[in-house]
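S.K.: For reference, TrEMBL lists these features for the protein:
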- 19-260: domain 'G-protein coupled receptors family 1 profile' (DOMAIN)
- 12-28: transmembrane segment (TRANSMEM)
- 35-54: transmembrane segment (TRANSMEM)
- 88-114: transmembrane segment (TRANSMEM)
- 126-148: transmembrane segment (TRANSMEM)
- 154-178: transmembrane segment (TRANSMEM)
- 199-221: transmembrane segment (TRANSMEM)
- 241-262: transmembrane segment (TRANSMEM)
Amino acid sequence: QVVVPEEVFFTVAAAGILENLLVLIAVVRNKNLHLPMYFFICSLAISDMLGSLYKTLENIFIILCKMGYLTRRGDFEKKLDDAMDSMFILSLLGSIFSLLAIAADRYITIFYALQYHNIMTLRRALVILAIIWTFCAGSSIAIALFSYEAATVIPFTILFPLMMFFILCLYVHMFLLARSHAKKIASLPTSTVHQRTNMKGAITLTIFLGVFLCCWAPFVLHILLAKFCPHNPYCACYMSIFHVNGTLIMCNAIIDPMIFAFRSPELRSTFKKMFCC
């Protein structure tokens, strides 16, 4: 087993939780950020916090088991394990659907700019988020309770690449149309500036997706291998870096807020005001 030092593990987890908490506080405090896009970003921040919290609690429980305070096969520990699995699935599904909502919001912003405020109202954004988190919570509980059934694991693992493929197709379509529109409106300076701003948002979203895939895909692959080929020597070799894959999930929670702060002038300004009182 490749073991990540506990000090590093807890430091990364604490940093991820703190950074995403700052994003939430910044959006709540700044009324200029009370927009659908930033609410979807808050949804992603909550998902990242849950991912870091899940790995932190899991590591604490493993330490308690090693110290003899918890048994590995008790009824209480079984329920605790199910609750932890549910939190992990909730974090993963929440991240996927939050990214999907952000992608759809960017798509509407770029290609339906004049109708955007009529299509994506604040109330509609809140309804979308309520539906997303209700679905994710129900799915996470169901998958955690029946996680030992292959019929449950297979749809869950198929959902991950399927949603990523759908978002990727949306990106390709978005960039192709944006390129076509940019050529048509090149003679209009105000439209060009507006288009450039929207494309910046699309590029930011692309960075989010790339970071998400790099950080979550290794752990999802670990789940698949643990379920379908746990005794294969090659699978066992990959599964030996379980702690590294878990740390990657928490790194995602650290990187996302940095992207927010770096790419959004409004958030940068809010963070400066918060830190400078």
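Cβ coordinates are placed from backbone N, Cα and C, and glycine is handled just like the others.
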S.K.: As a test: from 35-54, 154-178, 241-262, pick the stretch that has the greatest number of Cβ pairs under 8 Å with the transmembrane segment (126-148).
M.R.: 35-54
S.K.: Three or more CB pairs closer than 8 Å, sequence separation of 6 or more: does that hold for the transmembrane segment (154-178) against the transmembrane segment (88-114)?
M.R.: yes
S.K.: Could you name the stretch, out of 12-28, 88-114, 241-262, with the greatest number of CB pairs under 8 A to the transmembrane segment (35-54)?
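M.R.: Looking at each of 12-28, 88-114, 241-262 in turn, the most contacts to the transmembrane segment (35-54) are made by 88-114.
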S.K.: Who are the long-range neighbours of the transmembrane segment (12-28) in its own chain, taking Cβ under 8 Å and residues 6 or more past its ends?
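M.R.: Cβ under 8 Å, 6 or more out: 34, 38-39, 41-42, 45-46, 48-49, 51-53, 55-56, 59, 247, 250-254, 256-258, 260, 267, 270-271, 274.
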S.K.: What is the average pLDDT across the domain 'G-protein coupled receptors family 1 profile' (19-260)?
M.R.: 79
